[in-house]
Amino acid sequence: MSTPTLPDMVAPSPRVRVKDRCRRMMGDLRLSVIDQCNLRCRYCMPEEHYTWLPRQDLLSVKEISAIVDVFLSVGVSKVRITGGEPLIRPDLPEIVRTLSAKVGEDSGLRDLAITTNGVLLADRVDGLKAAGMKRITVSLDTLQPERFKAISQRNSHDKVIAGIKAVAAAGFTDTKIDTTVMRGANHDELADLIEFARTVNAEVRFIEYMDVGGATHWAWEKVFTKANMLESLEKRYGRIEPLPKHDTAPANRYALPDGTTFGIIASTTEPFCATCDRSRLTADGLWLHCLYAISGINLREPLRAGATHDDLVETVTTGWRRRADRGAEQRLAQRERGVFLPLSTLKADPHLEMHTRGG
């Protein structure tokens, strides 16, 4: 019997909704397309040199399409392209075109978004729009060029700002700006970032500093908590109102007195494990149930060995039904909480790195 080709193995199967052991539905897939990045942010990739995934192991566009079809069959309705830095990947427009063609009621895919550091965005945004990208999130930790250089170890602040402005000019809506907030580094810029976001038709989301793989300099005293953020912003703006939460998105959203909105993702002090519907696929096809997961399920190997669409649906369904991960809650419960994984462990297995599994 001949090995099935990829077009043979993506035959549609009925959509099912799968629950894990904590009764959490699968809904959101974080799809890393590359592990490399052109920044060296101190909270994610502080080292200058890394061990990259073997290039021959990276999923092709057809393989990405086939695996995404599997996840759509078991209830995923949102796909977010991540990295590393996804804009580094040369065939990203083809990936976006392939995935955007799936958006619609028939497949169940309702949302296709991308998270980028913005360095290459100004030159790529029109191509992303033409390829069918729906939403863009840009990481921006500071409005001050010197601070940007200190945090990212690169001198690219002007390029990121230009990229964000290009997103607005291209007509994208529901744009987000993600800011990792660190005490002593940028915690005094929250209001300034909200004001900047207003000018580019975006909503800023403040993220507590997390102790995930790669955060080898993490310490509790550097965490500027959700409570700290709200207290700081109320001193500037007055009473801040929480907004109703209607889905499993990680951000708690708030409104200023004038109606301007922003979000806070408090994964460190208030984990959302109880409602987490997301999983992650690395660029080489390792499926991870949690950002803190130590191991995952390799989907690339069976795919390349000739597994059918339904074979992979069974693998993913079984894997999700066994899922009991509550990594952030377990970290919060630790009495002596320090760095999650030492540098030596990270160097031995690049799959443990934050930049490999996507934020």
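Positions of Cβ are set from backbone N, Cα and C atoms, glycine also.
S-adenosyl-L-methionine is bound by Gly84, Ser139, Met210 in Swiss-Prot, and the record lists one more residue there from Tyr43, Tyr237, which is Tyr43.
Residues Arg80, Thr115, Lys176, Arg278, Ser279, Arg280 are given by Swiss-Prot as GTP binders; from Arg30, Arg326, Arg331, Arg335, that same site also lists Arg30. Ranking the binding-site residues Cys44, Cys273, Cys276 by Cα distance from Arg80 (GTP binding site) puts Cys276 first. Under the DSSP three-state reduction, Cys41 ([4Fe-4S] cluster 1 binding site) is assigned to coil, being neither helix nor strand. Confidence across the domain 'Radical SAM core' (21-241), taken as the mean pLDDT and rounded to a whole number, stands at 97. Listed in chain order, the extra residues whose Cβ falls within 8 Å of the Cβ center of the [4Fe-4S] cluster 2 site residues Cys273, Cys276, Cys290 are Arg24, Pro271, Phe272, Arg278, His289, Leu291, Tyr292, Asp325, Arg326, Gly327, Ala328, Glu329. In this entry, S-adenosyl-L-methionine is bound by Tyr43, Gly84, Ser139, Met210, whose most widely separated C-alpha atoms sit 17 angstrom apart. Nearest in space to Met210 (S-adenosyl-L-methionine binding site), taking C-alpha to C-alpha distance over the binding-site residues Cys44, Thr115, Cys273, Ser279, Arg280, is Cys44. Nearest by CA distance to Ser279 (GTP binding site), out of the binding-site residues Tyr43, Cys273, Cys290, is Cys290.
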